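Here is what Swiss-Prot records for this protein:
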ACT_SITE  Ser169  active site, nucleophile
ACT_SITE  Asp193  active site, charge relay system
ACT_SITE  His274  active site, charge relay system
BINDING   Lys325, Met326, Arg327, Asn328, Lys329, Arg330, Asn331, Ser332, Lys333, Met334, Tyr335, Leu336, Lys337  heparin binding site
DISULFID  Cys64-Cys77  disulfide bond
DISULFID  Cys252-Cys272  disulfide bond
DISULFID  Cys297-Cys316  disulfide bond
DISULFID  Cys308-Cys311  disulfide bond
DISULFID  Cys463-Cys483  disulfide bond
DOMAIN    347-482  domain 'PLAT'
CARBOHYD  Asn80  N-linked glycosylation site
CARBOHYD  Asn136  N-linked glycosylation site
CARBOHYD  Asn393  N-linked glycosylation site
CARBOHYD  Asn469  N-linked glycosylation site
CARBOHYD  Asn491  N-linked glycosylation site
SIGNAL    1-20  signal peptide
Amino acid sequence: MSNSVPLLCFWSLCYCFAAGSPVPFGPEGRLEDKLHKPKATQTEVKPSVRFNLRTSKDPEHEGCYLSVGHSQPLEDCSFNMTAKTFFIIHGWTMSGIFENWLHKLVSALHTREKDANVVVVDWLPLAHQLYTDAVNNTRVVGHSIARMLDWLQEKDDFSLGNVHLIGYSLGAHVAGYAGNFVKGTVGRITGLDPAGPMFEGADIHKRLSPDDADFVDVLHTYTRSFGLSIGIQMPVGHIDIYPNGGDFQPGCGLNDVLGSIAYGTITEVVKCEHERAVHLFVDSLVNQDKPSFAFQCTDSNRFKKGICLSCRKNRCNSIGYNAKKMRNKRNSKMYLKTRAGMPFRVYHYQMKIHVFSYKNMGEIEPTFYVTLYGTNADSQTLPLEIVERIEQNATNTFLVYTEEDLGDLLKIQLTWEGASQSWYNLWKEFRSYLSQPRNPGRELNIRRIRVKSGETQRKLTFCTEDPENTSISPGRELWFRKCRDGWRMKNETSPTVELP
């Protein structure tokens, strides 16, 4: 998409009111049939869709243009009928030119798959329009791609099983149409943050769906639970991966948004989050030795609690190009955390802390931090995000992640932050005081911390350094070391992905 991505919502709303719709579409709105039918005038004009076979990593090298019924360009550019064939499909544009991400993706594919055919589907004339008109054109472009694939199938040794359609934003739904219209079944479709407006809640044949290819994997990076979402929120593939919950991406955060508003560059922040899906896919191509893993979970909140770090029964998978086919699943939601830039990989840890108290302190809201010490490196001080509340005399589960590979964990420092002068923390202190007026001294006891690595699936148990001292209070810390019987490997089936 172009730098004018936020105008998408404006143009869409204008279209709805202009068409006489009493209520503009919303995130859960149904799709009107008329918005997906090509206009009558479009049937009289030959669709402007070109297929550019890129034969070099150099973006200045034009390559060859393929057209149905003309075999000479296939020979001139040495089209390999037995190799993998990638079709890259861009999305809506307000600039009318290719974005930089496209050239990076072409280069990354050539680097990873040297013998592959990389075809850029150029539908800029049909995409460089009002968003609603571009949506109407997606079906036309999908038909054009299907015709190209049907023609290629007439050639010896060409197989649809080797075809991988990669669609960004609106291009993801174009890929879905192509997979639906082609004679046969495409091997794979990857949707990179498929567009949301006019597709959220749509019928299965009017958007990208698991039926469009043998394997459909989707990355969601710009979804929102409120208002209009640029990317689609609902799962639309066999596996749907939501990095960082699918909304606020590291490096494109609220502080950047506020700063961009001040300087009038809000579109860059929107573009950053929407386009992050592309860069995650490129990262999976060029940083093959640093794969990122996602974990199946019912929702983002459960993942934030650290509950969903299992690899049993296909519950984890690589993201991007390295994703393993899981044809038996549909609309499987998976989550992970990432860094702010390449390589995006982080290391996930589930921490189980049994908190008990000898005093009836009522409800408390402690602020905990941990520091992990390993054989390779030590982590920074990491916050323990409390999604709901701390349960006393119960086991509480947390998710922490590090940007470095710490190696084997050796010890853990747990810190209970003391009172600060922020209004929020003062309010927390006041509420805690009101909840337990007869027990002004706040103290919790923790004997052990159990840790599970998402990437290796290994488990460790850590005990307090001093068995006689298990108490922690605001402004204090506790140290934990690996218990004598602490190192154990979970006795379960092997992970379904090749873990490093």
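Cβ atoms are placed via backbone N, Cα and C, with glycine included.
Annotated features, which come from Swiss-Prot, shown on the structure.
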residue: Cys64; record: disulfide bond; CB count, 10 Å: 18
residue: Asn80; record: N-linked glycosylation site; CB count, 10 Å: 15
residue: Asn136; record: N-linked glycosylation site; CB count, 10 Å: 20
residue: Ser169; record: active site, nucleophile; CB count, 10 Å: 30
residue: Lys325; record: heparin binding site; CB count, 10 Å: 15
residue: Tyr335; record: heparin binding site; CB count, 10 Å: 25
residue: Lys337; record: heparin binding site; CB count, 10 Å: 23
residue: Asn393; record: N-linked glycosylation site; CB count, 10 Å: 9
residue: Cys463; record: disulfide bond; CB count, 10 Å: 17
residue: Asn469; record: N-linked glycosylation site; CB count, 10 Å: 11
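Cys483 (disulfide bond): 16 other CB atoms within 10 A of its CB, across all protein chains. Cα-Cα distance from Asn469 (N-linked glycosylation site) to Lys337 (heparin binding site): 34 Å (rounded to the nearest whole number). Of all the recorded positions listed here (Cys64, His274, Cys308, Cys316, Asn393), His274 has the Cα closest to the Cα of Ser169 (active site, nucleophile). Calculated from their C-alpha atoms, the gap between Asn331 (heparin binding site) and Cys311 (disulfide bond) amounts to 17 Å.
Between the listed disulfide-bonded residues, namely Cys77, Cys311, Cys316, the fewest other CB atoms within 10 angstroms of a CB are found at Cys77. Among the recorded positions Cys308, Lys333, Tyr335, Cys483, the ones whose Cα sits within 10 Å of the Cα of Cys297 (disulfide bond) are Cys308, Lys333, Tyr335.
When Cα-Cα distances from His274 (active site, charge relay system) are compared across the recorded positions Asn136, Cys252, Lys337, the shortest belongs to Cys252. Looking only at Cα atoms, Cys483 (disulfide bond) sits nearest to Lys337 among the recorded positions Asp193, Lys325, Lys329, Tyr335, Lys337. For the recorded positions Asp193, Lys325, Lys329, Lys333, Tyr335, Lys337, a Cα-Cα cutoff of 10 angstroms around Cys308 (disulfide bond) retains Tyr335.
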